[in-house]
């Protein structure tokens, strides 16, 4: 058995963490022979709830779980981390403007970025889940100058999984038969789910998505809107935001970082845009198609971008620029 890795989950008393922690602790993410020390951070009023989560994890009697450290202190939570999963953020409240939400979260992610910089390993892999995830991720990365920007990513795997599933349902195949969908841009209603490079395996034959679905109007209309609005639809139906599917997407995202993407396949991740070949503006956390090997992502190069896709990619980039500029103004940098 290897040495335990130190994995932090913030917002650890919350809904998403409750669906996430068991999968991490029993080896579904980092492997069945990788011992884990879980660090669980939440705000002080949630510590009693967190104690209950700790009891449940203990009661699962998991062979890989070496220790559980519940805390409300960043200097404890961020110490010597291998992986940081930043789930906790200020949720949008009724009547709150987006800029108010950004302002509240800038303070959280500036503080957590600084804590990563000060206490975590320089090799730490940081996944930001708390919304607005792309901009929160950018603020955390900017606040941790000694950690490479490539170590930071935000979660668009949930959108990727949603897109994959919509195509699979439409074609009457399992989701595993649908590969290489792409989420471009922001984890928001401007994101662009792109299936121009997607393949669907139907009865042993690999077809281009447009040939498999045979409904271009749906793929360019309702499909995109469904994926963009899926989070809101879940809230409307459940009266709570996505938790189970978000936790599954976090596991998928981190497993791909840890073990790599399958040969010939790519996934979607919000990553630092500097140096990309798709004319996406610099200095954003923007979702791209990536392949991962040796815990390092690479943007998939050379994909043809038609005018339809270009306009969608530019629209989501414009929103991210506005978010970034608002957030950076709050930061005072």
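Every residue, even glycine, has its Cβ placed from backbone N, Cα and C.
Curation plays no part in TrEMBL annotations; they are all automatic predictions.
If you check TrEMBL, you get these features:
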type: DOMAIN; residues: 6-152; note: domain 'Lactate/malate dehydrogenase N-terminal'
type: BINDING; residues: 42, 105, 129, 130, 131; note: NAD(+) binding site
type: BINDING; residues: 92, 98, 131, 162; note: substrate binding site
type: DOMAIN; residues: 156-330; note: domain 'Lactate/malate dehydrogenase C-terminal'
type: ACT_SITE; residues: 187; note: active site, proton acceptor
Might you list, by sequence position, any residue in that chain lying six or more from residue 105 (NAD(+) binding site) with a Cβ less than 8 Å away from its Cβ?
89, 90, 130, 131, 132, 135, 136, 139, 327
Just jot down the residues in the same chain as residue 42 (NAD(+) binding site), at least 6 apart in sequence, with C-beta under 8 A of its C-beta; none if empty.
10, 11, 12, 13, 14, 49, 50, 70, 72, 88
What Cα-Cα separation, expressed in whole Å, is found between the residue listed as 'active site, proton acceptor' and residue 129 (NAD(+) binding site)?
10
Euclidean distance between Cα atoms of residue 129 (NAD(+) binding site) and residue 98 (substrate binding site), Å:
17
Cα-Cα distance maximum in Å, computed over every pair in 42, 105, 129, 130, 131 that the record assigns to NAD(+):
16
Summarise the model's confidence over the domain 'Lactate/malate dehydrogenase C-terminal' (156-330) as a mean pLDDT value.
97
Among 92, 98, 131, 162, listed as contacts of substrate, what is the widest Cα spread in Å, to the nearest whole number?
24
Residues in the domain 'Lactate/malate dehydrogenase N-terminal' (6-152) grouped by DSSP into helix, strand and remaining coil:
66 helix, 27 strand, 54 coil
Looking only at Cβ atoms, how many others are within 10 Å of the one on the residue listed as 'active site, proton acceptor'?
29
Does residue 92 (substrate binding site) have same-chain partners at least 6 apart in sequence with Cβ under 8 Å from its own Cβ, and which are they?
98, 101, 131
All-chain count of other Cβ atoms within 10 Å of residue 130 (NAD(+) binding site):
25
